[in-house]
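Trainee: Straight from Swiss-Prot, here's the annotation block:
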| type | residues | note |
| --- | --- | --- |
| BINDING | Thr10, Gly11, Gly12, Asn124, Arg165, Ser193, Ile248, Gln293 | UDP-N-acetyl-alpha-D-glucosamine binding site |
Amino acid sequence: MKLLIAGGGTGGHLFPGIAVAEEFLARDKQNEVLFVGTWKGIEARVLPKTGYRLECITAAGIRGKGSLARAKGLAKFLYGYAQSRKILKEFRPDLVLGVGGYASAPTLMAARGMQIPRFIHEQNAIPGFTNRMLAKVADKIFISLEESRTYFPEDKTLLTGNPLRRQILEQVALAESRERGDDAFHLLVFGGSAGAHRINLTMGEALPSLKEAKGRLRITHQTGENDLEDVTAAYEEQGFTADVVAFIDSMADAYRWADLIVCRAGATTLAEVTACGKPCIFIPYPHAVDDHQRRNAESLLKRGAGFVIIEQELSGEVLAQAIRDLMDDPARLKAVGEAAQELARLDAAQAIVDEMVASTRKEE
């Protein structure tokens with residue numbers, strides 16, 4: 001069988017697609033996968049290094065822009081649609097999966113015109129504009145969080161979770177088997193691959209209020225390149241034991257090590273921390289489209305599987321107080337971590353591939 005995966009732009013869209021591709025290829029050595037994205041998206045940098053085939057088309061957003069920009073976006077959509085039809089005719093996929101991002105729309109619309117089975121996967125609590133539009137032409141809609149179900153037709157929507165790449169799943173399993181080797185309280189702070197400037201600043205402001213816990217607090221803080229020197233200086237000035245890095249190579253090891261995590265609330269982060277069963281203080285990125293990170297975090301909060309501080313209420317003292325309270329309440333930390341792990345769907349990629357393959361058999 002052949003699977004075409006369309007979309008990307010960001011890691012939050014692309015990496016679930018890679019996880020599905022891994023599962024699909026593992027089913028049969030004869031299976032083939034082709035990605036369709038854009039030259040500007042993260043897929044153009046990541047996929048060539050992984051060995052996956054990638055075809056790039058022209059695509060752009062049209063939402064919330066002026067009339068001229070919308071006209072240009074529509075022209076690019078039509079051009080991308082024509083490119084997608086050509087790719088579909090040449091690759092002749094049995095299945096097409098849209099994972100969100102600009103390239104999804106023209107590709108799935110072209111697949112509809114050619115009567116190829118179509119599926120979409122939504123990673124966030126509030127669906128993106130592209131997936132809301134494509135829901136009308138999709139044969140099945142896979143969702144990561146229950147909250148997004150209301151945006152889609154009930155009879156076509158299936159809760160699968162957010163697929164994690166095999167590398168992450170294997171690292172998590174390996175990390176769980178390792179002993180940590182000390183009795184300190186380990187705090188992990190990170191903001192995605194580029195870091196999160198506001199979290200970096202606020203953590204520095206929180207340090208004076210955490211001085212009483214300095215003796216047993218061990219911190220790993222991933223800052224991104226821009227704030228690395230300033231954050232390192234802040235920890236040194238306050239006398240804290242901290243491993244401050246621009247980028248973390250093995251997130252699974254970092255998760256294993258942590259008793260508590262301070263982080264953003266992107267869909268991939270949620271999938272990974274729940275897979276590891278780790279309690280988190282989520283600080284949602286306030287400028288995410290439709291404020292979806294806040295809704296992602298609230299999805300865990302209402303299930304007792306995480307804590308949330310919104311940026312409008314964030315300060316050094318507020319963050320320090322939250323950390324102190326949780327350091328002093330190990331039973332609560334354990335309960336929240338267990339609740340998070342109950343929400344994990346380690347079989348998300350399997351569930352999606354199962355459903356796509358089963359759908360084609362029904363048509364036969």
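Glycine is treated like the rest: Cβ placed from N, Cα and C.
Can you tell me where each of these features sits in this structure?
Mentor: Under the three-state DSSP scheme, Gln293 (UDP-N-acetyl-alpha-D-glucosamine binding site) falls in the helix class.
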Trainee: Within 10 Å of its Cβ, which one of these binding-site residues (Thr10, Gln293) has the largest number of other Cβ atoms?
Mentor: Gln293
Trainee: If you count other Cβ atoms within 10 Å of each one's Cβ, which of the binding-site residues Gly11, Gly12 has the most?
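Mentor: Ranked by Cβ atoms within 10 Å, first place goes to Gly12.
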Trainee: I need the least crowded one of these binding-site residues (Asn124, Arg165, Ile248), counting other C-beta atoms within 10 angstroms of each C-beta.
Mentor: Ile248
